[in-house]
Amino acid sequence: MAPGILQSESPTLVPATLPQQKLKQEKNASTKATEDLYGNYFPDNPETLKNQIKNFLPHEPVLECRQAYFDHMSPSGLLKPGSKPVNGTFSGKDPRKYLPSGNLRRLFGLEDDAESDKYAELMVSAHEADFYVNFCKFPELRAFVSRFTGWPSPHMLQRTMLRAFVPNSELTPVHFDQMYLRAGPPTSLTAWVPIGPVSREGGGLMYLEGSTDIGMNTEDDFAAHANNLSDEERVSAFNKNMNDGGFLSRDTVSYGKETKRKRLIAEYETGDVIFHNHYMVHASYKDKDPESRIRLATDLRFVDPEKTYDRRWMKKIVRNEATRNDPPEIYNARVILISLMACGGALLFGMDMGIIGGVLTMDTFKKQYGLENQPETVLANLESNIVSVIQVGAFAGALFSTWLANRVSRRFSLIIASLLVSIGAALQAAASGHIEAMYVGRLIAGIAIGIASPVNPLYVSENAPRGIRGLLTGLYQLSIVTGLTILISLYSGSTMAPSSTSRATHSTSFHYHCKQFPAVILFIGMLLANESPRFLAHRSPDKALAVLAKLRHLPADHPYIQQEMEGISRQLEEERALSLNANHFTLLKEALTIKSYRRRSMLCITLMIPRIFASVGLTGSSTGLFATGVYSIVKTIACTVFIVFVTDSLGRRKSLLWTGIVQGIALFYVGFYIRFDPPITGEPVTAPGYVTLVAIYIFAATYQFGWGPVVWIYSSEIPPARLRAVMMGMAIASQWLFNFVVAKATPSMFATLGEGGFGTYFVYGTFCFIMVVFAWFFVPETAGLALEKMDELFREGFVERQAYLEKETPDELER
C-alpha cells in the first residue's frame with residue numbers, strides 16, 4: 001500500500017506579514033535546503049488517490065481542535081507568552097523539558113521537574129478531552145478507510161497518539177508500525193493527521209520510498225528467531241517501546257543512505273492526511289520551523305474487526321498509569337465476577353436500610369404487633385429500638401471481624417456472614433408479632449452485616465489489579481445503594497397491593513426474606529471463589545502465587561506476577577521485622593502505636609465520619625421526596641457513573657476534595673432556605689423551594705462521586721497487609737457506633753436547632769467543609785499504586801508536601 005498525501009488548497013493559519021516576494025525567496029531557499037537533506041515527497045500514483053481523499057477533512061474543525069489543544073496545554077509553559085494559542089508558537093524554553101517523561105528524558109540527563117510533570121500530565125489528559133475525542137470521530141475517515149481497504153466496517157483502535165513536537169526537540173526514530181503491534185498479525189492501516197499546518201522544515205513525518213519490503217523482511221527475520229518465545233515474549237523481545245530502543249535507527253539520514261532509499265517529505269497544510277500501512281518505514285526530523293511553530297499531529301489506526309489484531313491498542317491512554325501499562329490479561333472476567341459476588345454483603349447492608357424503613361410504616365406491621373392505636377411516642381421509640389438493635393449487632397460484628405478475617409480467612413468470614421444473615425432474616429420473618437424474636441433476628445443480622453462491612457471491601461481490594469482496584473472496590477458502595485433502591489421499589493409495590501390479613505402477613509415477611517437473595521449469592525459465590533492471595537501469602541506463599549497467577553490470567557513465572565508477588569513478600573518481611581509472634585491484641589496495639597500505622601488507623605476511622613452524617617443528615621427533608629425512590633435512583637446512577645468512569649482516572653484525593661465542597665454548599669443552602677423562606681403547608685412551592693430539591697439531589701449525587709464510595713476504597717487499600725483486617729474492623733466499628741449515637745441525637749437536633757431544624761443542616765454542612773480541610777492535609781493519592789507501596793506513601797507527614805507518590809511505570813506505548 002503506497003502512502004498518499006492530501007494537499008489542501010486552503011491558506012495556512014496566520015497571514016504572512018513579510019512582503020510576498022521576500023517570503024517567496026525565503027521559502028524557496030528553505031525548500032532547497034530541505035530537498036538536499038531529505039529529498040522530495042511524491043506519491044507513487046496521485047491520480048489514483050486524489051478523487052477519494054483530497055480535501056475531505058474540513059479546515060474549521062481541524063483548527064478548532066488545534067486551538068483547544070494549545071488552550072489545554074498552556075499551563076505547562078509550552079506557548080510563547082502573548083501569542084495566539086491557535087498559532088502554536090513555542091515559548092523558546094529548553095525543548096528537552098517537553099520530551100515524554102521516563103527513559104527518554106533520563107537518556108539526556110534530565111530530571112523531571114514541576115513544569116515538565118505538568119506538561120506530561122496535560123499531554124496524557126488531552127487524549128480524554130472532548131475536543132480530541134470528537135476530532136477522532138470524523139465520519140470521512142472511516143468512510144475512506146472502508147473504500148480504500150474494502151473493510152465493511154473498520155474499527156479505530158482506542159489507543160491513539162496526540163503529540164506536539166516543539167522546535168529542536170528529539171525526532172521520532174525510524175520505525176514501522178508493526179514493530180509495536182506484535183500481539184497480532186499485520187492487519188492495520190494508519191492515518192497520520194497533522195492538526196494544522198506543518199512547514200517543510202517543521203518536523204512532519206517522512207517516508208522511506210518503497211520500504212515495505214524492509215518492514216516485511218525485518219518481521220520475517222524476527223519470527224525466525226522467535227519460534228521458542230511465548231506470546232508475551234514475542235511482543236516484548238524486540239523492544240518494549242520506542243523510547244527504550246524499539247526502532248530501526250535514530251539517525252534518519254544515515255539510514256536512508258545505508259538502504260539507498262529516497263526520503264519522501266512534504267509541506268503539510270490544514271486538512272491533509274497521510275495513510276500508510278503497517279510495514280511502511282517512516283520517521284520524523286527535528287522541527288526547524290522558521291516561525292517556531294509547534295508540530296501538532298495525531299496517529300489514528302484502523303483495523304478490520306473480522307480479523308485478528310493487537311488488542312492491547314484497544315486500551316485508551318488514561319491518567320491512571322497502572323491501567324495504561326499493566327498487561328491486559330489482568331483485567332479479566334474472573335476478577336470482576338469475584339468482586340460482584342463478594343458484594344452480596346453490601347446488598348445485605350443496603351437492603352436492610354430499605355427494609356426496615358418501609359416495614360415500620362406499614363399498617364400490616366402495626367397490626368401484627370398491636371401498635372395500631374399507640375401514640376406516636378411509642379411508635380417512635382419502637383422504631384428507634386428496632387433500628388438501633390441492628391447497629392449494636394453491626395458494631396459487635398465489625399470488631400469480631402478483625403479476628404475472624406485474620407484467623408479464619410477473608411473468604412470464610414463472608415461465608416459465615418451469609419449464613420448469619422439468613423438466620424437473622426428467618427427469625428424476623430417468623431417473629432409475627434413477637435417483638436423479642438424480632439430483636440434477636442435483627443441482632444444476628446446486624447452481626448452478619450458488621451462482619452461483611454469491613455471484610456467485603458478488604459477481600460475485593462486484595463484480589464483486584466491495582467489499575468481497577470478503585471472501580472471494583474467501589475462496587476461495594478454501588479451495591480449498597482442498589483440494595484436500598486430495590487427494597488424501596490418492592491415496598492412501593494407492596495403498599496399498593498390489595499390489603500388483607502394473609503396478604504399483609506405475606507408482604508411483611510416477604511421483605512425480610514428478600515435479604516436471603518443476596519445472602520445466597522454471597523454464600524455460593526464465596527464457596528466457588530479463591531482466597532485472597534495477600535492473606536495466603538502469610539501462610540503459604542506457593543498457594544498465594546498460584547492463586548495470583550490464576551486471578552491475573554498469567555503464568556506464574558510471568559514478570560508481572562513475579563513483581564507483584566515480590567512486593568507482597570517484601571512488605572510481609574518488613575512487617576515481621578516490626579513485631580514477632582503477634583496475636584490479635586498485639587496487632588491492635590501495632591495499629592495504635594507505630595506512627596505510620598497509627599496515622600492510617602485514624603485516617604480509616606475519620607474518613608467514615610461523613611458516611612455517618614450523610615446517613616441521617618437529610619432525614620428531616622420531605623418524606624415524599626424519599627418515598628418515591630427517586631432519591632435512591634439518583635444515588636445509584638451517580639455511583640455507577642463514578643466507579644466506572646471516574647474513580648481510577650480522577651483519583652481518590654481529588655474526588656474527596658471537590659465533592660466535599662459541593663456537599664457543604666448544598667446543605668448550607670437547604671439550611672438557609674428553611675431559616676428564611678420555609679415551606680408553608682397548603683401553599684404552592686416557591687422557586688427557592690424547587691432549588692432546595694435540586695440541592696438535595698446534588699448532595700446525593702456528589703456524595704456518590706466522593707465520600708460515599710471513596711472511603712470504602714481508601715480504607716481498604718491503605719492499611720499494611722497484616723493490619724488490614726484490624727484497621728478495617730476499627731473503622732467500620734466506629735461507623736456503626738457513631739451511627740447509633742447520631743441516629744439517637746438527630747431527632748433532638750431537628751427539634752431544638754431552630755424552626756424546622758435548619759441548624760441541623762448547618763452542622764452537617766460544616767462537617768463537610770471540615771472534611772475537605774482534613775482531606776487536603778492528610779489524604780494522599782493512592783490511585784494506581786500497588787498495595788505494597790502504601791508504606792512508602794505514609795512515611796511522610798502532611799500531604800501538602802507529598803500528595804502524590806511517583807509511580808514506577810514504564811513509558812507509554814509508542815507507535
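From the backbone N, Cα and C atoms, a Cβ is placed for every residue, glycine too.
All TrEMBL annotations are machine predictions without curation.
TrEMBL annotations:
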- 1-30: region 'Disordered' (REGION)
- 335-360: transmembrane segment (TRANSMEM)
- 338-783: domain 'Major facilitator superfamily (MFS) profile' (DOMAIN)
- 412-431: transmembrane segment (TRANSMEM)
- 437-459: transmembrane segment (TRANSMEM)
- 471-490: transmembrane segment (TRANSMEM)
- 655-674: transmembrane segment (TRANSMEM)
- 694-714: transmembrane segment (TRANSMEM)
- 726-746: transmembrane segment (TRANSMEM)
- 758-779: transmembrane segment (TRANSMEM)
Could you tell me whether the transmembrane segment (726-746) and the transmembrane segment (655-674) are in contact, taking contact to mean 3+ Cβ pairs under 8 Å with a sequence separation of 6 or more? no
Given the transmembrane segment (726-746), which of the listed stretches 412-431, 437-459, 694-714, 758-779 has the most Cβ pairs that are under 8 Å apart from it? 437-459
So which residues does the transmembrane segment (437-459) touch in its own chain, when a touch means Cβ under 8 Å and the partner is 6 or more beyond its ends? 342-343, 345-346, 348-349, 352, 385-386, 389-402, 404-405, 410-411, 413-414, 416-421, 423-431, 473, 476, 512, 515, 522, 532, 712-713, 715-716, 724-725, 728-729, 731-733, 735-736
Local confidence of the domain 'Major facilitator superfamily (MFS) profile' (338-783) - pLDDT mean: 72
